[in-house]
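Scroll down for the structure; my scribbles are underneath it.
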Amino acid sequence: MKIAVIGQSLFGQEVYCHLRKEGHEVVGVFTVPDKDGKADPLGLQAEKDGVPVFKFARWRAKGQALPDVVAKYQALGAELNVLPFCSQFIPMEIIDAPRHGSIIYHPSLLPRHRGASAINWTLIHGDKKGGFSIFWADDGLDTGDLLLQKECEVLPDDTVSTLYNRFLFPEGIKGMVQAVRLIAEGKAPRLPQPEEGATYEGIQKKETAKINWDQPAEAIHNWIRGNDKVPGAWTEACEQKLTFFNSTLNTSGLVPEGDTLPIPGAHRPGVVTKAGLILFGNDDRMLLVKNIQLEDGKMIPASNFFKGAGSSALELTEAELVIAEAVRSAWQRILPNVLEVEDSTDFFKSGAASVDVVRLVEEVKELCDGLELENEDVYMASTFGDFIQLLVRKLRGDDEEGECSIDYVEMVVNKRTLHMPHQLFIGGAFMDAEGTKTFETINPTDGSVICQVSLAQVTDVDKAVAAAKDAFENGLWGRISARDRGRLLYRLADLMEQHQEELATIEALDAGAVYTLALKTHVGMSIQTFRYFAGWCDKIQGSTIPINQARPNRNLTLTRKEPVGVCGIIIPWNYPLMMLSWKTAACLAAGNTVVIKPAQVTPLTALKFAELTLKAGIPKGVVNILPGSGSLVGQRLSDHPDVRKIGFTGSTEVGKHIMKSCAVSNVKKVSLELGGKSPLIIFADCDLNKAVQMGMSSVFFNKGENCIAAGRLFVEDSIHDEFVRRVVEEVRKMKVGNPLDRDTDHGPQNHHAHLMKLTEYCQRGVKEGATLICGGKQVPRPGFFFEPTVFTDVEDHMFIAKEESFGPVMIISRFADGDVDAVLSRANATEFGLASGVFTRDINKALYVSDKLQAGTVFVNTYNKTDVAAPFGGFKQSGFGKDLGEAALNEYLRVKTVTFEY
């Protein structure tokens, strides 16, 4: 179609570019006149493309369309007018002229919020749903028939900018293109707007944005965010006009202690704290404002309101002076009307608009190799001198944004003081869950409550995913080199090593892990995993592929391995830190961002890990951690449209449900490490001493809470009785006790529900006729201790022969001497296939059996020997996909094929 684009701004430019890509002919662009010597982005782009551009100061006079304007428009022969964003009043002679009429974009769900400040009023009214409408233009005020609408959720702390940037801008562009496509296909509807629910609000101006303090905190918060950034909600205090920005109702954990700020008309004085300015509604609820603009236009952190001018100016090095001059040149290009940029030059008073903020930030990022800089920084340091000081501080790593505030739970355990975070970790900050909901995490050694932990809600998941998505798409993480990414992961591994005793103690306290084992395996292998994958960061590469040439031209085809985006990782309770590390290290090495849901019963090492990511310098939003229930948090991650990959370790039943949710939601990539019933075959020609030692480890390692635990031992008949005798002898030597005692072999089971499940499991084994040699019941002491248990005479049809106990229960079955194929058939007669093992001195038999066993891992004359370099994962209903090794990286990468012709 022949299209006339009427409007302005980056939004108009993007719509214009997309329409041209769709193959439409843009016959003319009508935009606003240049301001202060700067052309609007839409007009600038059209001029570059050679499209006629018209910059009428007005379209009509005294209510009548200007004839010369109408004539210039009609000469173009447009078939459709597209108005993506237009601040001018367009006469009906233009609106009705094309064969298909005119369509307009409006940033609200019409008929609600008609008028010029629709986004502001969506937030001011506290709407839970926002969105945009594309409608057929008429002579009313946003009352034309609807063509299409799209809606989104409005987040509690959304501002005009965040709502626009997250949804209204990107989805609005797609919507405009879709609307034109529907018109071209003759499928565009015309749906009359209902009058029910219709509202019209006037344009928000500075003089009308004064805060009314006689209302609840939520209404005040909505007023502030609804006017953020333009025109800015203000009040009078301290004999000047103060404008508030960056408001939130998330004040959990904040104590209103600090310097009071009297505000005329307010229910209570404000309080300037470290976190910002606390304000009160007439319902006595608090809200927090993080930034204040003073009457002279200077923006400051609200926490600095009563401070002086700040720290003294930095003295710049020669290299920093070179950077400062390069930045000065960037300011000069953006501000052409300023003859000379001096330290006192104010960016905004010199004519800069919001689009110039974006341009400045991007130019400085490019100049400083991806330095983390945000639009907010320009508002906070609007004069050139202040901006250079802020920039140099960031370059030196001295950015005074403030350390993350962590509310630790402190306990003296294992001759050390533990400092344990207990809140959600989202976007680089610890915070309470929505509604300040919490749950108790229990010490399995004695059943006591360790502390209250924040219990994530669905809205918290959405916040965390949004933070991860922003970090992936807009943050520093995606712009730093792969080698720098590896450097950060090495630093994280070093910090984990520095804190290994504390981490191991927390594992013992929260998961019941024997301390010495936690130190070596739970924590030790976690450190190794991060170091291993840190080394992979700059070795992820594609390939060049010879293809048939398009003669007489030539072709070059290459592949790129790219991160998939936001990943959700759902980890089990048996190895809380190690399972987190197995998945997260590969995920981050590939360049993704992540939202981690630790098991609800073992959240504490994950939250300590979150603290260490901050200390390592991992950018905000890259790692987010949400303790909570699987049915709520895990389900929302599986359903979330912005999550592109789920990595899950847990039960087969839950894994199937996750796989279904991933398919139905947005066909997420998924890897699953699920249940097991790993067979261990012990032949008579084995080294019996080693077989007994490893057989014990295969079952009782980590209290049997081990995904690859040998769920069933098949022992050749001629050595069966001797093997059982030696095993029972070894079991009776095991010390069951406090996991922090250095001589303890066997600690408590992870949680009470699991203890009860083990008791029922053993009772069922006895009922079905298996012989209980030892154990089978709870240890009579406080805590969740279960006796190491041995069953013999277990037949193939029995429940305990087929189902996993996930505890310290050894299941022994005989097989006839020399009958290799029969025992293989029995070992493979399960829907699980995670691991397996064989003990024999006969290399031919070992090779034959390892070839026939249907499992992702086969151990020969050893067991539990996993390594960070060796891929780990199951077959059949034990899942698919790999942790560890190079293969794990592929779970978090996508392959793109690029073909050139020359």
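From the backbone N, Cα and C atoms, a Cβ is placed for every residue, glycine too.
According to TrEMBL, the active site, proton donor annotation covers His106, Cys707. The active site, proton acceptor annotation in TrEMBL covers Glu673. If you look up TrEMBL, you'll see Glu673 marked as active site. According to TrEMBL, the feature (6R)-10-formyltetrahydrofolate binding site maps to Gln88, Phe89, Ile90, Asp142. The domain 'Carrier' annotation in TrEMBL covers 318-395. What TrEMBL lists as site 'Essential for catalytic activity' is Asp142.
Cβ neighbours of Cys707 (active site, proton donor) (same chain, under 8 Å, six or more residues apart in sequence): Pro572, Asn574, Thr649, Glu673, Gly675, Gly676, Leu834, Ala835.
On a Cα basis, His106 (active site, proton donor) lies 14 Å away from Phe89 ((6R)-10-formyltetrahydrofolate binding site). Here the Cα atom of Asp142 ((6R)-10-formyltetrahydrofolate binding site) is found 8 Å from that of His106 (active site, proton donor). When the recorded positions Asp142, Glu673 are compared by the number of other C-beta atoms lying within 10 angstroms of their own C-beta, Asp142 comes out lowest. Mean predicted confidence for the domain 'Carrier' (318-395): the pLDDT average there is 84.
Residues Gln88, Phe89, Ile90, Asp142 make up the record's (6R)-10-formyltetrahydrofolate site, and a Cβ search at 8 Å around their centroid adds Leu83, Cys86, Ser87 from the same chain. The record assigns Gln88, Phe89, Ile90, Asp142 to the (6R)-10-formyltetrahydrofolate site; their largest pairwise CA distance measures 14 Å. With respect to their backbone Cα atoms, His106 (active site, proton donor) and Gln88 ((6R)-10-formyltetrahydrofolate binding site) stand 14 Å from each other.
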